[in-house]
Amino acid sequence: MNSLMRATRQALQMAARSYATKGGEKDSMPRKVAILGAAGGIGQPLSLLMKMSPHVSSLALYDIAGTPGVAADVSHMNTLAKVKGYAGEDQLHEALDGADVVIIPAGVPRKPGMTRDDLFKINASIVQGLIKACGEACPKALLNIISNPVNSTVPIAAETLKSMGVYDPKRLFGVTTLDLVRARTFYADAIGVDVNSVDVPVVGGHAGTTILPLFSQAKHSGQAKKQLSPEEIEALTKRTQDGGTEVVQAKAGKGSATLSMAYAGALFADSCLRGLSGAANTSEYTMVQSEITSCPFFASKVRLGPSGAEEILGLGELNEIEQKGLDIAIAELTASVEKGVKFAKDGTL
């Protein structure tokens with residue numbers, strides 16, 4: 001146990017030094033992060049990880065119930081952030097007041113007998129209510145949407161903020177980082193290189209065939225132990241797209257990808273915080289309002305800065321198979337976006 005604690009502390013200290021020395025970054029600037037849905041399966045490990053961030057000075061944990069216990073638990077960690085738990089709708093605005101970044105993993109899992117439309121209506125309503133509160137309490141915060149279906153909840157959030165007159169497309173993000181985490185892990189394993197040296201772009205959306213890994217643009221250091229065939233690339237693409245299902249099946253239907261999603265959400269939030277502090281060369285793949293394809297919301301590489309999404313970068317050169325995949329992704333993603341917009345406007349599917 002002592003060796004594990006030492007290793008964890010050393011990793012945190014190295015991370016803090018790394019963050020502090022990046023160009024233009026002011027890691028001493030106080031930043032408040034609010035997590036909405038902090039008592040849930042994603043929210044609890046996400047709260048733990050954000051408590052470990054050297055960029056967070058204040059951590060507000062909100063849920064309809066259970067957050068005082070989560071807050072008490074993580075508050076005992078000897079890291080910078082001060083933690084407070086908030087429970088119930090009457091405490092939501094207080095939790096959001098002054099937040100620089102709001103992370104939203106709130107929602108319910110699909111239950112037996114529940115249709116996908118049933119699940120959509122519940123989670124869409126939850127996200128819409130939380131976004132309204134954000135628009136009132138912290139309209140300048142960077143909003144990180146984790147709640148599924150991201151392909152629809154992001155446009156729901158946009159339409160909700162538009163109706164309030166506080167929409168800033170630079171400050172609204174759909175968190176698709178888990179798709180990149182999976183693609184990089186699977187690719188590194190397949191070619192036999194250190195996963196920390198791997199970069200694989202993943203664009204499009206955050207569900208099924210809207211997830212498009214661009215393995216033709218993959219980069220890594222070190223000598224690959226093998227070259228992948230087109231069939232192996234196709235299998236990696238399918239595995240990345242079905243990563244969530246793989247975890248659900250491994251958990252025998254009793255859970256989903258909560259831990260890896262929390263990890264991915266923390267990675268993205270930390271990049272947002274570094275961008276706010278002016279760190280040079282801060283970029284992530286994320287779903288934003290975009291004009292690089294015909295779909296109004298699309299995940300691609302985005303440069304992050306003090307105002308949020310400061311530049312949306314292009315897709316680069318795609319091979320023939322990836323171009324076909326892009327066409328499929330855009331068609332499906334567009335339908336999901338339209339579904340979200342319709343729900344936000346009239347409450348129907």
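Keep in mind that glycine also has a Cβ here, set from the backbone N, Cα and C atoms.
As recorded in TrEMBL, the features of this protein are as follows:
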DOMAIN    32-174  domain 'Lactate/malate dehydrogenase N-terminal'
BINDING   Gly37, Ala38, Ala39, Gly40, Gly41, Ile42, Gly43, Asp63, Asn123, Ile146, Ser147, Asn148, Met261  NAD(+) binding site
BINDING   Arg110, Arg116, Asn148, Arg182  substrate binding site
DOMAIN    176-343  domain 'Lactate/malate dehydrogenase C-terminal'
ACT_SITE  His206  active site, proton acceptor
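Secondary structure from DSSP puts Asn148 (substrate binding site) in coil. Within 10 Å of Arg116 (substrate binding site), as judged by C-alpha distances, no binding-site residues are found among Gly41, Gly43, Ser147, Met261.
The C-beta environment of Ala39 (NAD(+) binding site), restricted to residues of the same chain at least 6 apart in sequence and closer than 8 Å, consists of Leu61, Asp63, Ile64, Ala65, Gly66, Thr67, Gly69, Val70. Taking Arg110, Asn148, Arg182, His206 as the recorded positions under consideration, the smallest Cα distance to Gly43 (NAD(+) binding site) is found for Asn148.
Recorded residues Ser147 (NAD(+) binding site) and Arg110 (substrate binding site) have their alpha carbons 13 Å apart, per Cα-Cα distance. Counted over every protein chain shown, other Cβ atoms within 10 Å are most numerous around Ser147 among the binding-site residues Asn123, Ser147, Asn148. Using Cα positions, the member of the recorded positions Arg110, Asn148, Arg182, His206 nearest to Gly37 (NAD(+) binding site) is identified as Asn148.
Annotation note: Gly37 (NAD(+) binding site) sits in a coil segment as assigned by DSSP.
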